[in-house]
Amino acid sequence: MTTRIAVTGAGGRMGKILIEAVSLAGGAQLTAAIERPTSSLLGADAGELAGIGKLGVPVVGDLAEVVDGFDVLIDFTAPVATLANAKVCAAAGKGMVVGTTGFSGAEKAEFDETVTSIPVCMASNFSTGVNLCFKLLDMAASVLGDDVDIEICEAHHRHKVDAPSGTALSMGEVVANAVGRNLKDVAVYGREGQTGARERNTIGFATVRGGDVVGDHTVSFLADGERVEISHKASSRMSFGRGAVRAATWLLGKPASRYDMQDVLGLR
């Protein structure tokens, strides 16, 4: 069965990657591409926009206009836009794959309430490698526990607007849950000045922004005499695109619920 996929934010860096990823995937077809109502790209062919040749899918400025033409929406935009798109999808019974990060607490609560009636796969990172890292982090933290200091360092391109990255925060949550802590209670975001000795049982975060770094993440488990590091380095956004399309095809026909890439990959 072919999954009809819509991509929103079609003119953005990730939108173009997603369009290409859909075109390369078996069992998937791009049937809609959406941009802001004021975008100069409206009417352009989505395939030509992504640099892969004509697909016969024009970019439109209103999701509701094409909602009957797709099964699953892939949304890697911004919280406000994702919330608006969620309302349209929920009303029409369409599934969503969401890679948007940077939600405030209120925005996340509103999103969760909006999508209770549809299947949603939401993840901070759709890379297969990163999701394997989540599994490895759970194992490492469960074994090493309170015998180590835990630090998370991430690096991204200069244009990324949220910090730490959603992936870094997800890694922190995996580690915190594995050792029986609440990340909100133990996270330390950056250090400056006379900080004093490191508090045990905390999880530190460090952020780097610059250049065209797609995404680097390293979690260090530091003990006296040794350290264990689990790292992932993305060299292309296509790894995220392939994962998102895989999630979209997996989501077709699933009951209304909240899923993530651990479900898609069978890592639960």
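Note: Cβ is positioned from N, Cα and C throughout, glycine not excepted.
It should be emphasised that the depicted structure is a prediction, and the values quoted were computed from it without experimental measurement.
Among E35, E110, E113, the residue that Swiss-Prot places alongside G9, A10, G11, G12, R13, M14, G99, T100, T101, A123, S124, N125, F126 at the NAD(+) binding site is E35. Non-local contacts of R13 (NAD(+) binding site) by the CB criterion (under 8 A, 6+ apart in sequence, same chain) comprise R237. The C-beta environment of H157 ((S)-2,3,4,5-tetrahydrodipicolinate binding site), restricted to residues of the same chain at least 6 apart in sequence and closer than 8 Å, consists of R209, G210, G211, D212, V213, V214.
Taken over all pairs of the listed NAD(+)-binding residues (G9, A10, G11, G12, R13, M14, E35, G99, T100, T101, A123, S124, N125, F126), the Cα spread reaches a maximum of 22 Å, rounded to the nearest whole number. A sphere of 10 angstroms centred on the C-beta of T167 ((S)-2,3,4,5-tetrahydrodipicolinate binding site) encloses 26 other C-beta atoms.
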